[in-house]
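Engineer: Take a look at what TrEMBL says about it:
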| type | residues | note |
| --- | --- | --- |
| COMPBIAS | 145-160 | compositional bias 'Basic and acidic residues' |
| DOMAIN | 181-244 | domain 'HMA' |
| REGION | 126-184 | region 'Disordered' |
| REGION | 915-936 | region 'Disordered' |
| TRANSMEM | 268-286 | transmembrane segment |
| TRANSMEM | 298-315 | transmembrane segment |
| TRANSMEM | 336-358 | transmembrane segment |
| TRANSMEM | 364-383 | transmembrane segment |
| TRANSMEM | 517-539 | transmembrane segment |
| TRANSMEM | 545-568 | transmembrane segment |
| TRANSMEM | 861-880 | transmembrane segment |
| TRANSMEM | 886-907 | transmembrane segment |
Amino acid sequence: MNARHTLERRVPGMNCQGCVATIRHTIQVQDAEAEITGTPAEKRLEVATRLNDDALDEALIEAGYPAAGQQHYERHVPGMSCQGCVGRMRKAIQARDPDAEVAGTPAEKRLDITTMLSASELDDTLVEAGYPPGDGEDEATTDSDASRGAEARGANESEAPHPQASDDAPSNEPDAEKRPATRRFSISGMTCASCVKSVQQAIEKTPGVISAEVNFGTHTAQVRGSADPDALIHAVEDVGYGAEPIVDMREAEEARARKDEQTYRQRLRGSLLSLALAVPLMASMFVYHPQPVGGGRLYWLAIGLLTLAVMAYPGRHFFVNAWKNFRHHQANMDTLIAMGTGTAWLYSMAVVAVGPWLPEVARGIYFEASAMVIGLVLLGNALELRARGRTSEALKRLLDLQSRTARVIRDGEEREVDIDEVRQGDQIRVRPGERLPVDGEVSEGQSHIDESMLTGEPVPVAKGEGDEVSAGTVNGKGGLVYRATRVGANTRLGQITEQVASAQASRPPIGQLADKVSSIFVPSVMIIAVLTALAWFNFGAEPRVTHMLVTATTVLIIACPCALGLATPISTMIGVGKAAEHGVLVRNGDALQTASKLSTLVVDKTGTLTEGKPRLTEAEVLDGDERTLLGLVAALERGSEHPLAEALMTHAEAQGAEPGEITGFDTVTGGGITASTADGRPLLLGNARLLEEAGVVLDAGREIAGGLEEKARTVVYLAVDGRLAAVFGISDPLRHDTIAAVKRLQADGLTVVMLTGDNAHTAAAIAREVGIDDFRAGLLPEDKLDEIGRRQAQGEVVGMVGDGINDAPALARADVGFAIGQGTDVAIESAGITLVRGSLHGVAAAIEISRATLTNIKQNLVGAFGYNVLGIPIAAGVLYPFTGTLLSPMIAGAAMSLSSITVVSNANRLRLFRTRGDTDAGKETSPPRETKEALS
């Protein structure tokens, strides 16, 4: 019988203790002694049992409560001796599950895995890779445990030349399975910001929802949590709106564009019909305006019926939506339009019906006002739709980079299939000039790939067998066959597109005031209209009834919640798209707003200011044979993915050094590597602090190291058997545009600070060359955290630029984290903003665009608030004592439509914004041709 152990599962369908009881009964049929504890609020199940992983999962399925798909496992792997072993196991596991996360600790023989594979599939994969699990304590762990473990291991990463593989670095986010799912829905029926409140409240009340963002600009809802999609759809429908899950972003965007075009044509056609009646009617009033008595009543009755036709056909949706909202105890812009035009029509028909019995001053007829208001509002809706359609062009261009089909080789036959049918492991053939459909690894052929849409580099990159390629890039003149490794939304292009869409749907904090006002706007306007009517009826000038009707109707019509609702999301959409055009992925509206306030920018050195591709330039041997020592270095660094380790390995291989035999491999945080040779001699490879703490005398290497550091070299020491054996100098050249980018950031008003784990001499040389006055050297990751915290305590708004791996804690601590590199998963999760291209010019572009976007949002908010604050009192008649006239409902309708158009048009000005890099010496950083075509 298996030993008793504790397993944990996340069970989405477990909603109460009754569910727990059902699960307990099913498990205890197989293991009577099993102890089951469930926490429905957290969907967490803890099982102390003799069942293995697979048996437990099968029992849960039998009970009708399957566990969430992705699980976390720990395996004891006796054969794991270095990070090279971890890399091979990672490759084997990710061949079966591309989204798997694998981290290893060779010193403890422990492997941590987050995967969709079952326990048996995982073990089989490890056996096939040549690393069978041992008899250690293997268990499935909670996501939070795994996350905490990753953070604990990664919090002490440094720039020593030996860090563990990048996958071991923390992300400062929960692991994938713990992290709630984010779903996106297309919302129909929203006409103003008040609708947003209704939909958002309905979604947030749904069990399992953690947060929701409803965007009026895109008519989408972004929901985070474990709520059932059907429950979310029903919740939205219950408050009078429609919801449809977005499965394929491109199809959803195309469907939205078709729907907007159809709506645009309907609104334009309805507007023309309404105005075709209203304009001649208004013109005729100057010539023929009979009293509603005698024969005049028939004339006005005919006009009234024609106006009713306008209200019932072109303006039908105002009244239908108003009725739906009434049934759901809600009100929106449609309610205001329907009440305003409906009241004017009903009063006019009442005058026609009983005109002879009314005093002459009370015989005002406003049929033309109802028709004109509907016509003008419909025209405004049409123009607003057309202007709003341009705001999502950046996302559309990104989606256009995704191929619709792929040429797949299966069973020796080549066939063209829909992109959704491509599976991981498929062999894909790409002809010259074609766009690559998915990510993969070249298995046959050679060519040059235009990767400018991802990297910003205009020169095509040579690709051959074993090289990685990305979806959306363009093949050159050669033919390629490659194996699909990531498909669908998991491709790099898919992740970028997802991030842009998610950011466009988010809202910056500056929009919160508008959201709060919008949520109570329509009821407030209705109250103001009633109070206005009462005031005119009791205290107004004659004819009181007419004045009461005109002012109340005008108040209802002039109020515009649309302008408030559009002020923030439209500008955010365009700003995020503009940033994507410059290779900048903004995570959310909060990051966009905070980036505009940055006063200090902290930068890492390796891979940020420098190329991140170090090479060994000097090797000074003090004791022993160089090739033998290089063999020991190769053995120590084998499997490490750190750039400095790669430089040492590359040099050792170039010198023909064979990796030596080592034992007892271990890493020292912030120092280096310790191990022993086959005959028991201790080995140390790392910085001066590591060797000094071990009692190694460095006198012989000090002078050598000093000379290297003056040349901005990173110094690595090797000690064998307690004696200094060699000193290595590693050069990491500055990026070609670093100096210009730093000057640009300083010109933008930022204080640039360099924090690095490298030695002081090297850091000073780099800072002097780049033009940075403020720097600190020899820092561990926790030191960087403290420095950022110290500056924040002094009132500085701090941004941090790093590679998103070793600097993940600092990226998370900063007010805004910029992950520089190639947009890896770790970078995206750790930072608020990810730079797809490896240039600090991207940071400057992000800050400049964020400032322009926030300025634009403020202009929109001032305009929207100002319009309503001024317009509603004027509509209520506050100027009547000075002018003797009231605002016409027709003018109010035109003004209301114009306010929304003005907000959208002002937001669209952002599309013309040019960053400093587009207009001055930084011009070389403008998006390359391919990217401009894709994103501009």
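Even glycines carry a Cβ here, placed using N, Cα and C.
What you see is a predicted model, and the numbers here were worked out from it, not measured in a lab.
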Engineer: What residues elsewhere in the chain lie close to the transmembrane segment (298-315), defined as a C-beta under 8 angstroms and at least 6 residues from its ends?
Structural biologist: 269-271, 273-274, 277-278, 281, 290, 292, 337, 341-342, 345, 348-349, 351-352, 365, 367-368, 370-371, 374-375, 378
Engineer: Same chain, outside the transmembrane segment (517-539) by at least 6, Cβ under 8 Å from its Cβ: which residues?
Structural biologist: 192-194, 196-197, 331-333, 335-336, 339, 545, 547-549, 551-553, 555-556, 559, 561, 564-565, 865, 868, 872, 876-877
Engineer: Where DSSP helix means H, G or I and strand means E or B, what are the helix, strand and coil counts for the domain 'HMA' (181-244)?
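Structural biologist: Counting residues by DSSP class gives 22 helix, 23 strand, 19 coil.
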Engineer: Of the stretches 268-286, 364-383, 545-568, 861-880, which racks up the most C-beta pairs under 8 Å with the transmembrane segment (336-358)?
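Structural biologist: Ranked by Cβ pairs under 8 Å, first place goes to 364-383.
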Engineer: The transmembrane segment (545-568): which same-chain residues, six or more beyond its ends, come within Cβ distance under 8 Å?
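Structural biologist: Here the qualifying positions are 191-194, 196, 216-217, 332-333, 336-337, 339-341, 343-344, 347, 361-362, 364, 366, 369, 373, 384, 388, 507-508, 510-511, 514-515, 517-518, 521-522, 525-526, 528-530, 532-533, 536-537, 589, 857, 860-861, 863-865, 867-868, 871-872, 874-877, 886-889, 892-893, 895-896, 899-900, 902-904, 907.
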Engineer: Six or more residues out from either end of the transmembrane segment (886-907), which same-chain residues have a Cβ under 8 Å from its Cβ atoms?
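Structural biologist: Residues 278, 282, 340, 344, 366, 368-369, 372-374, 376-377, 379-381, 383-384, 387-388, 391, 547, 550-551, 553-554, 557-560, 562-563, 566-567, 570-571, 574, 856, 859-860, 863-864, 867, 871, 874-875, 877, 880.
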Engineer: Mean pLDDT across the domain 'HMA' (181-244), rounded to an integer, is what?
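Structural biologist: Mean per-residue confidence for the domain 'HMA' (181-244): 85 out of 100.
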